[in-house]
């Protein structure tokens, strides 16, 4: 038995053809799943009984269960703990804006990257999610909020480029007009900086936004915060970023979590200006989320503002990330860890 959500439309057409079914049935099934949110073959009224039986013998539609749901009293952000059939739990977050609903999805159960400011990596990685398991987060969230999701952010638990093949398939699926039809420019992928995979992603020539978890203006600080920096230098990472925007003509976003006394000085800001000058980029400053397992403290609000103003004065487009759902353990991985610890 296979999870039908792991199939592209072309793959499902091929399966239909090889199993003596008309190829157009594949498109009908896609419409039921992705357009009408019907996750039971028996409820697909324009599919013949014999075809339904064949589908049930060969496929299932894996939609995770909601084990916990939290709704922010501040901004209406909805955070879900989803449980897959093997008992593993991940989290997804739906953020509501005037321009539409955005979902932050997880790409792995846990993470092996070891970034010191991130809760999802504390217990390591359990396994990769399949493309179907990632897209199921979007399908289930839409069903829960009774509204369409128009933007997708790959910033939940896991390193997307450490699960490259499944993530690429997921991106193509959600962009497919016969599936969720979410425009590539409404998709953001965040990575800690796996240099060869950034270049591979560039060669896909997608129009998604690439967000780099930079968090430091030099190799010394970055190595202290992110183990990946011991494998790829800042210079190698920036070279990959230049390749990405030359290939795709898409602006890079640099994410920079400000940690008190670590990377938030004026000198650090000036170093950041130096390495980002001349690049088609935007810097997103993030007040770091404090995690019990590390000793990082959030920079003071006035220091964050001063850091931002220093960058802006030198022509660097800079914003401070708006905190969504801060009253319900919004930091990546916090909800999952707390739930597992208490159950």
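Cβ from N, Cα, C; glycine included.
Not measured: the values here are computed from a predicted model.
According to Swiss-Prot, the features are:
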- 91: active site, proton acceptor (ACT_SITE)
- 332: active site, S-methylcysteine intermediate (ACT_SITE)
- 111, 115, 118: [4Fe-4S] cluster binding site (BINDING)
- 158, 159, 190, 213, 214, 215, 289: S-adenosyl-L-methionine binding site (BINDING)
- 104-332: disulfide bond (DISULFID)
- 97-327: domain 'Radical SAM core' (DOMAIN)
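On the structure: features taken from Swiss-Prot.
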residue	record	Cβ within 10 Å
91	active site, proton acceptor	26
111	[4Fe-4S] cluster binding site	26
115	[4Fe-4S] cluster binding site	21
118	[4Fe-4S] cluster binding site	26
158	S-adenosyl-L-methionine binding site	30
159	S-adenosyl-L-methionine binding site	27
213	S-adenosyl-L-methionine binding site	25
214	S-adenosyl-L-methionine binding site	28
215	S-adenosyl-L-methionine binding site	25
289	S-adenosyl-L-methionine binding site	19
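Model confidence over the domain 'Radical SAM core' (97-327) is summarised by a mean pLDDT of 95. Annotation: 158 are the recorded positions among 104, 158, 214 whose CA atoms are within 10 angstroms of the CA of residue 111 ([4Fe-4S] cluster binding site). A sphere of 10 angstroms centred on the C-beta of residue 104 (disulfide bond) encloses 25 other C-beta atoms. Taking a C-beta cut-off of under 8 Å and a sequence gap of six or more, residue 190 (S-adenosyl-L-methionine binding site) has these contacts in its own chain: 153, 154, 155, 160, 211, 212, 213, 255. The shortest Cα-Cα distance between residue 91 (active site, proton acceptor) and any of the binding-site residues 115, 118, 158 is the one to 158. Checked against residue 289 (S-adenosyl-L-methionine binding site) by C-alpha proximity, the recorded positions 104, 115, 118 yield 118 as the nearest. Each residue contributes its Cα atom, and for residue 159 (S-adenosyl-L-methionine binding site) and residue 104 (disulfide bond) those atoms are 13 Å apart. Taking 104, 115, 118 as the recorded positions under consideration, the smallest Cα distance to residue 214 (S-adenosyl-L-methionine binding site) is found for 115.
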